[in-house]
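Copied over from TrEMBL:
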{"type": "DOMAIN", "residues": "A:3-100", "note": "domain 'NADH:ubiquinone oxidoreductase chain 4 N-terminal'"}
{"type": "TRANSMEM", "residues": "A:53-71", "note": "transmembrane segment"}
{"type": "TRANSMEM", "residues": "A:83-101", "note": "transmembrane segment"}
{"type": "DOMAIN", "residues": "A:105-382", "note": "domain 'NADH:quinone oxidoreductase/Mrp antiporter transmembrane'"}
{"type": "TRANSMEM", "residues": "A:107-126", "note": "transmembrane segment"}
{"type": "TRANSMEM", "residues": "A:138-158", "note": "transmembrane segment"}
{"type": "TRANSMEM", "residues": "A:178-199", "note": "transmembrane segment"}
{"type": "TRANSMEM", "residues": "A:211-232", "note": "transmembrane segment"}
{"type": "TRANSMEM", "residues": "A:244-266", "note": "transmembrane segment"}
{"type": "TRANSMEM", "residues": "A:273-295", "note": "transmembrane segment"}
{"type": "TRANSMEM", "residues": "A:301-318", "note": "transmembrane segment"}
{"type": "TRANSMEM", "residues": "A:338-356", "note": "transmembrane segment"}
{"type": "TRANSMEM", "residues": "A:376-401", "note": "transmembrane segment"}
{"type": "TRANSMEM", "residues": "A:422-446", "note": "transmembrane segment"}
Amino acid sequence: MMKTMSILLLMMMKPTKLMNSLCLLTFMFIFLSFLIKHDQEWFLFYSSLSSDTLSFSLICLSTLIMILMIMSSTSNTNITYRAMYFSLLLNSLLMCLFLTFSTLNIIMFYIMFEASLIPTFMLILGWGNQPERSQAGIYMMVYTVTASLPLLIIFLMWSNKIGSASLHILYTYDSNWLTSSLWAFILVLAFSVKLPTYLVHVWLPKAHVEAPVAGSMILAAILLKLGGYGLLRMISKTSNLMAPIIPLLISWSLAGGAMIALLCVFQNDIKMLIALSSVAHMAMVMSGSLTLSLWGTNGAQFIMIGHGFCSSALFCVANMTYERLNSRSFFAIKGMQVILPVMSMAWFMLCTSNMASPPSLNLLGEMNSITAIFSWTYFLSLPLTIMVFLAAAYSLFLFSQSQHGKLSLKTQSISPATPREWLILFLHWMPLNLLFLNPCSIQLFILPYNL
Amino acid sequence: MSLFLYLVSIIFLIFSLNFVMLNYSVMFEWEIFSTAGKIFLFNFYVDWMSAMFFSFVALISGSVLYFSGSYMPMDKSLRKFMFMVFVFVLSMFFMVFSLNLVSMMLGWDGLGIISYILVVFYNNDKSNSAGMLTVMSNRVGDAALLLSIACFMEMSSWNYLVLNIHLDWMMSALVILAAMTKSAQIPFSAWLPAAMAAPTPVSALVHSSTLVTAGVYLLIRFSNLMQCFSILSLLIYLGVLTTLMASLSALFEPDLKKVVALSTLSQLGIMMSTLALGFSELAFIHLLTHAVFKALLFMCSGKIIHNVGGYQDTRKMGGEMFNLPVTSMIMVLSSYALCGVPFLAGFYSKDLIIEASLMGDMFFMNYCLYMLSVGLSTSYSFRLLFMSMVGPTNQSSYISSDEEDWIMLISKMFLLMLSLVSGAFLLWVCIPNPWMVSLVAGSKWLSFTSLLLGMVLGVWLCFWNTKGLWFSSMLTETEVFMTMWNLPKISGMKLSFSSMYLSLSFSKLDLGWVEVFGGFGLYNLLSNKGSFLEGWKLNNIKNILIVFILSLVFLEIWV
């Protein structure tokens with residue numbers, strides 16, 4: 001692991017071309033991949049940096065997505081002319097994410113959690129395509145920071161009371177230092193804004209849509225999972241505290257997920273549809289993990305990893321269409337199957353993976369989450385059914401509306417899919433569908449109480 | 001490719017016969033994922049029932065692929081088509097051979113999605129909407145199956161062999177709901193006729209024998225576990241109602257493929273009600289024989305559609321008997337097999353079903369319904385034959401048809417042989433000790449007499465309705481039957497428009513109130529209140545400097 005950190009630091013040496021940073025990131029991923037089959041559950045690689053399966057899988061995912069981000073940004077001349085700044089931005093983001101996922105110090109976790117917002121904000125503001133990107137960036141920052149300032153207070157109080165900020169020591173004490181459910185809610189609030197859950201999800205459509213493809217990919221793949229990761233870490237030792245509010249939180253996220261899924265079907269902007277579908281998936285993550293069961297935790301993990309690949313791939317392929325047609329609207333993008341058949345197959349694979357069809361990891365995650373939530377209470381089968389059904393509705397609507405139909409483009413020539421684009425989509429799709437056969441590499445074997 | 005599938009079919013047939021004789025079965029397991037003491041497995045269970053089902057599926061797929069070589073001669077699309085049919089057969093493989101609900105779910109989901117892709121093969125508006133309707137109706141079943149996986153956690157396993165306790169009502173309801181959507185029973189029947197927008201080989205494979213029978217197969221496998229009487233009695237009546245509705249609609253339907261689709265639907269209703277009565281082996285036999293002659297019927301109608309120039313409306317067909325003697329022979333034989341003409345394939349399964357169910361406690365309405373189901377299936381079969389083959393021709397004068405298409409003929413040969421003998425063969429194989437049937441003479445002759453009466457009714461209807469004039473004159477009365485008792489309305493536009501209105505009202509929340517209490521409202525609040533405060537601030541540089549100097553003076557004095 002230290003080799004990977006050193007390569008990350010090496011990237012601070014100002015790579016002037018995108019290809020340089022791509023090579024360094026590939027090396028880093030190769031070093032990381034040696035640890036994917038790990039026999040020990042948790043290992044410490046520095047005095048306060050450690051990783052267990054949850055954080056390690058997210059670190060691998062972020063590195064892989066970084067590689068794919070650079071690959072998909074090479075067609076954007078705005079980025080290639082300023083390759084050094086872009087690479088530095090991505091590198092700092094990766095550093096923040098790496099530290100967030102591996103740190104044991106709770107204050108460091110908070111600092112890196114907030115710090116990952118800044119490179120993202122600069123990415124949205126610097127390379128986004130529409131003038132709405134300034135509002136998008138502001139929304140993202142203000143929503144996240146507003147919700148996480150109470151979290152900072154809680155963390156400081158917690159570490160002050162116990163006397164240490166290390167997660168191990170904090171976890172050995174029972175959570176009777178706080179007696180009110182309001183504090184438990186505050187612990188969850190920051191992560192539920194990041195995740196996001198329904199009423200505080202407003203930043204997500206804006207940020208995802210206005211970001212460039214690299215920004216959308218990292219937002220969808222990793223930054224949403226920061227919320228899931230924090231949630232899983234926090235609920236493990238504060239479960240006694242949270243028990244009164246857990247029914248509220250589960251109903252909130254599931255009802256919100258069902259409502260968002262209904263809204264998704266009737267969008268007319270491709271990226272907004274994909275962004276809102278992320279909200280629906282993350283609703284299932286939140287509900288699954290809040291059931292405090294091993295099934296729910298595993299379901300949350302599988303959905304997080306699977307959704308990371310799937311959503312990021314959908315944003316990539318939407319961007320490939322956007323580069324050719326310069327529009328994101330469904331009214332302009334139809335009949336693509338006629339002119340881009342290779343990408344049509346990629347759209348189909350990804351849309352069906354999005355709706356949890358076999359053999360994708362999303363199906364495994366949904367099976368686990370649904371099992372967990374259904375065993376919590378069977379009244380929740382209604383929002384679950386609505387979400388599963390409408391997931392198919394909007395995913396196939398996305399596929400059918402963009403690929404089938406009559407092509408209205410008679411005056412423009414469209415270049416076919418380049419091998420680079422094919423490689424990006426393949427590298428997204430392949431782990432998603434192969435990890436289904438061996439989920440024990442990303443499975444969480446330990447009970448949620450010991451996370 | 002089709003040769004490969006024929007070979008697979010023969011191999012599995014041999015396996016199945018072997019396994020029946022020796023009462024032997026094989027199980028492979030591949031563990032995907034295990035947690036908390038429960039294991040998700042790929043579980044392949046080859047016993048006589050699944051091997052026989054899969055051999056029939058492979059046989060029909062092989063014939064259909066060979067047939068599509070002549071039906072769809074466009075090169076590039078044919079390769080894509082063959083690949084998709086192969087993936088379909090693979091999903092069917094997963095579904096048929098899996099022992100537990102989880103890996104059955106994999107095949108089930110795969111079936112739904114591949115059938116979507118096959119239905120939208122021709123990219124026109126009708127295919128696209130038909131595909132959406134198909135996959136959405138199937139998705140309800142998928143959701144029910146996912147919930148039943150969650151439900152089965154309380155049982156010790158998802159495996160239907162291992163469990164020997166009866167399921168309670170919720171689990172039975174969920175599994176039956178999944179089977180009902182896949183096999184197009186009454187609330188979900190609208191997708192099956194609409195899916196006829198698919199190419200004819202797809203209809204022959206998917207919508208006659210394999211996809212729609214997946215639901216019945218699921219229930220056959222779980223039939224030992226489901227003894228919840230209230231839900232099963234509901235299923236009996238839904239099955240019989242489906243049969244009735246489909247038969248009545250088939251009598252009034254002008255589109256050739258839709259008539260065959262509705263006949264599939266009526267036979268599915270019979271299969272479902274048989275299952276719900278408890279006769280799972282009989283349902284299995286009927287499933288297999290029906291698959292054979294329905295696929296054959298679809299392939300013949302494909303040949304007819306090709307020969308009348310590509311349209312499917314029977315009001316412009318007729319008189320093909322003279323031009324296509326072999327095809328009309330095949331069609332007549334498969335229709336006879338469907339009706340249950342004695343000693344052809346359908347007779348063994350259908351007759352035995354009716355006799356077995358009449359042996360139980362019945363009341364008069366059931367008697368009538370069985371008579372109606374057999375009689376009406378005969379009438380629509382004869383109507384189909386009359387309109388396309390026998391009746392006076394309504395075709396344009398420049399259409400000619402010929403029998404020279406050897407590929408199409410040869411592809412039907414195996415299935416033809418099977419449709420003649422498979423009933424007897426399956427009965428001897430699957431039920432080695434014959435059932436003892438003791439009935440009153442009136443009950444015993446029920447199906448034969450209703451067959452004859454139905455034949456008379458069908459032919460009489462066709463003669464009375466020459467050139468479609470009688471139906472057009474009584475349109476307001478027949479409209480209910482023609483639109484399948486208005487079922488497509490609840491599955492189609494009404495549902496989507498009402499959900500659009502619902503989502504519009506949700507976006508009032510999403511873009512409205514959430515913004516008011518969130519970003520936009522906060523921004524407005526801060527700027528309004530801030531501008532109010534701004535007014536009270538001293539904005540003059542002079543005032544600020546005066547305050548500064550005065551405060552310095554006070555500081556000097558007091559310190």
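Positions of Cβ are set from backbone N, Cα and C atoms, glycine also.
Note that TrEMBL annotation is computational and uncurated.
In this chain, the transmembrane segment (A:138-158) does not touch the transmembrane segment (A:211-232); fewer than three CB pairs sit within less than 8 A of each other, excluding pairs fewer than 6 residues apart. For the transmembrane segment (A:53-71), the list of distant contacts is 4, 18, 21-22, 25-26, 28-29, 32-33, 35-36, 38, 41, 87, 90, 94, 97-98, 101-102, 213-214, 217-218, 221-222, 225, 229, 232, 301, 304-305, 308-309, 312, 316, 420, 423-424, 427-428, 431, 441-445, 451: same-chain residues at least six beyond its ends, Cβ to Cβ under 8 Å. Residues 48, 89-90, 92-93, 96-97, 99-100, 133-134, 136-137, 140-141, 144-145, 148, 151-152, 155-156, 159, 165, 167, 190, 207, 210-212, 214-215, 218-219, 223, 226, 230 of the same chain lie 6+ residues outside the transmembrane segment (A:107-126) yet bring a C-beta within less than 8 angstroms of a C-beta in it. Listed by sequence, the residues of this chain that lie at least six past the ends of the transmembrane segment (A:422-446) yet keep a Cβ under 8 A from its Cβ atoms are 36-37, 41, 52-54, 57, 64, 68, 71-72, 294, 297-298, 301-302, 305-306, 309-310, 312-313, 316-317, 342-343, 346, 349-350, 353, 358-364. Note: the stretches the transmembrane segment (A:376-401) and the transmembrane segment (A:244-266) are in contact (3+ CB pairs below 8 A, sequence gap of 6 or more). Non-local neighbours of the transmembrane segment (A:301-318) in the same chain are 53-54, 57-58, 61, 65, 68, 72, 208, 213, 216-217, 220-222, 224-225, 228-229, 270-271, 274, 277-278, 281-282, 284-285, 288, 328, 343, 346-347, 350-351, 353-354, 360-362, 364-366, 368-369, 398, 421, 424-425, 428-429, 431-432, 435, 439, 442-444; each lies 6+ residues outside the stretch with a CB under 8 Å from one of its CB atoms.
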